[in-house]
Structures are given as C-alpha cells and as structure tokens.
Amino acid sequence: MNAPIPHAVCHLNDMPLANSFASLPPAHYTALMPTPLPAPYLVCASASAAALIGLDFSDIDSAAFIETFTGNRIPDGSRPLSAVYSGHQFGVWAGQLGDGRAILLGDVPAPTMIPSGRLELQLKGAGLTPYSRMGDGRAVLRSSIREFLCSEAMAALGIPTTRALCVTGSDQIVLREQRETAAVATRMAQSFVRFGSFEHWFYNEKHDELKTLADYVIAQFYPQFKTAENPYKALLTEVTLRTAQMIAHWQAVGFMHGVMNTDNMSILGLTLDYGPFGFMEAFNATHICNHTDQQGRYSYARQPQIGEWNCYALGQTLLPLIGDVDETQNALRIYKPAYAEKFAELMRAKLGLQTQQPDDGKLFDALFAVLQGSHADFTLFFRRLGELRIGQAASREALRDLFLDRAAFDDWALQYELRLQLENSDDDARKLAMHAVNPKYVLRNYLAQIAIEKAQNKDFSEVAKLLQVLEKPFDEQPENEKYAALPPDWANDLEVSCSS
C-alpha cells in the first residue's frame, strides 16, 4: 500500500487539538477526565500511524508523550468525552452500552484522511465512564498489544481499519480471568461512530437526536450526500457498500473478527474493536476464533451473512429518516452483489487471474472445498501458489505438502492450470502479481502470544520486531522467515475471548 503523504511535522505540545464530536448535543456523550495510571511506561508505538497526524516520532520517549497517551496529562484543546451507544450483541438486543473504557481526547489534522482531514485520538483503557456497567474501565496489556499489532497489520494489508498510535502500560493490577496489568491503547480513526450509535436513538424513540447524529455524520464524513435527493438513503447505501467490501477483504485474507456485534460496526466501514480476532491457519470454514461464541454466530463462513444482518439493523434505525420502506430496502440490496463482486475481484487477484471467466466462481468454490478437506494452512497456501509453473509438476510439491488429500489438490491444480492458460501472462509476472496481494506474514495468534509474554516481563523488543515484520506483509524478508512458519503444536491450545 502507498506510504502516507507526509505533512508538516509537529511536536506533541504544538499539536492543534479540537473535538468535533463535542459539537453534538450533550445527550450523545459524557464529558469526563481519564483516570490516571501510576508510573506509566511506553510499550510500543507506530511510526506510520504517527506520520498520519504529522507527529514527531522522536517525541515518543518523552514524559509528555507517555503521560498524554496514558490519560495522565490532558493536552491543550482537548475536551475528553465518552460516547453513548447501544447495540445487538450476538443477535440479541443489549440496550445501552457506550464507551465503557474509551475516552476520546479529540481530533487532530491528518491531511490524507478524506474528507474530514482529521483523525480522532481515543484512549482505550483510560478509566471508568458512565457506560462502564460492571467493568472497571481498564484494558490489560495482553489485549492492548493484540489490538495495536492487528490494527497496524491490517493497515499494511490494505484493509480498512482503525489505526493504533501506541500502547502505554502500568504495573497496576487488573483482575480478569487472572491477575494482569493495566495498559492504554491509543486508537485513531476519522470517527468511532458505530451502527449502535444510531440504534441507541432509534430504540429510545428519540428521532430528533437520530437526525442530529445522521446530519453530523453526513456533514463530517459524507459531505457529498448533503445535496442528494435523499441524503439518508445515500448514507445507508454507502455504509452498506463499504461494509460489504470490508468483509470481502476479511474473507480474502482469512481474518476473523470474533465479535461482530452492531456496536462494533463502524459507520465508515472500518475494522473496529479488535478483541478475540484471529487469522485463519488450518482452513476450516466454520472456525470460531472467539471461544465464548458457543453457537458459532461469528464463524469465518458466517461473517458475510452477519455483515448483511448488521446493515439491516442499521437500515431499521434510518427508516424514520429515509421515510420509505422500499427505499430503505433498495439501499440494503446492494450488499450481496457488492460483496460478491469485491470477493471475486480479490480472489482473482489472489489466483493471479487478470480476466473474468464464467466459471471462476466454480474454481473458487472447488478450491475452498479442497482447503477444507485437508485443513491446509490458508496463508501459506496462497503465498506458495505463486510459485506454481504451468506444466511443471515439480513446482507443485511445496503446495502438495500442505494437503492430506493430495489427489484432491492435484485435481484442483489441473483445473487451475487450464484456467491460467486463458490468461496472457507468464509465470514470473504472475508470481510478482500474486505475491503483491497474498501476504507472507500475518498476525498469527502464537506470534502475538510470544510477544505478549515477553512484554509481561518488561521486554518489549518482540512487540517492536513483530510490528516491523507485519508492516511489510508482502515482502519476502528472508531474515524473518520464522515469522511465516506454521504454528507450533502448543499453539493449538491457545484460546482468545472477549476478556480484555
């Protein structure tokens, strides 16, 4: 992906901070101060994220930086607040939720962010808010590192996502399933407004506030719709399109979110709230990455369907503004074709296909059946597929090693080679194109776990190293080959949940 366009570098103390979300009526948020953490220290930081806001990266070791992004120091211009929202969790209406441990510091200039030209800075784990419910308002080091690494890894993969500026830690004890230490992750996005933000006002029958929120979102992030015949239908159509395309990207790279509740769905079509996520390893379409998801609602195979369900939930809330059921349904009908078109486009690229053929869908389906039958490693398969040479059986061997049922793979490979013969590209050109879209490196859970365990002993070097590797997922990086390896046996026992 393209590097961010640089703009004037500024020091933290000179950063012009505002808060456009605070322009909404007070019912939409609660103004409050973060709860300080004792003796904070820097765990990790992203230079590429800092570049988006023109922040001088040499500031990261300063006391002011660490204190600011722990919530112990409030910069000039900040109007800290936590937003209210509601949502459906695992398909069930959960009522009011809100930022239970996230506090928005404000927004800063970010010229590459179209159309707002700004990024919000949000501290996750900054203390109790009125929306904390039974929680303590804190995040733990483990989950904060996971969110930081995955945010930056997804950005490097070219997938729409919130960004992570840094993680700070403290020795303060936090009780979860076991004793852990507290941390704060600083997240960045043009907006953290969610589907659940709209659900909150719809289900509380406060349509004036619903309209106020919709008008704010359109003015700030979709200004092209202000003059549309029906701005709210245009908004729903665009959000539905972005959501479908985002999830197509997830499926193509084997990413599983784990908690696709409506309160975790971004109104900008960004991957939001990294919790019990995972990247597909041994392929299993029904894989559940969140061990608390007993029914498999958010399994890999169901993500496209759930994305559509969530868009319909959003459509329900916008119906009073759109004013017509048929118009609302017309906006939502874009989901299925938009998803199918984007997924097919991504799959053709992954297979090195430059043209569209009528039977491509059958080729894709046959491939996933073969991957399922042998539980072949998702990332390794697509990366190695670029090495295949038409008519050279020996070039298949590294691929065949990934399959238990090699005969089934051979049958598919024959279909694939016949399909490649319809293309006007040679083996070397195809390999280059495929390696540019099929990552060699993804954030496997075991890699994150190794980095986390070292960080829990105050060794943050592996977090920094893993970030360095994941920022260039398509490069060969021969010196980092071990980060592309199959997971060790002990990784089979790793479980991730909503606990964070």
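Each residue, glycine too, has its Cβ placed from N, Cα and C.
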Of the candidates ASP14, ASP56, ASP273, ASP293, the one that Swiss-Prot places in the ATP site of GLY98, GLY100, ARG101, LYS124, ASP136, GLY137, ARG187, ARG194
ASP273
Which of ASP136, ASP273 has the fewest nearby Cβ atoms, counting only those within 10 Å, among these binding-site residues?
ASP136
Quick check: in three-state DSSP terms, what is ARG187 (ATP binding site)?
strand
Quick check for the class: what is the C-alpha distance, in angstrom and rounded, between GLY98 (ATP binding site) and ASN264 (Mg(2+) binding site)?
11
Three-class DSSP secondary structure - ASN264 (Mg(2+) binding site)
helix
Sort out the sequence-distant neighbours of ASN264 (Mg(2+) binding site) for me: same chain, 6+ apart, CB within less than 8 Å of its CB, listed by position.
GLY87, ARG194, HIS257, LEU272, ASP273
What does DSSP assign ASP136 (ATP binding site), in three states?
coil
Take the C-alpha atoms of ASP263 (active site, proton acceptor) and ARG101 (ATP binding site) and report the distance between them in angstrom, rounded.
14
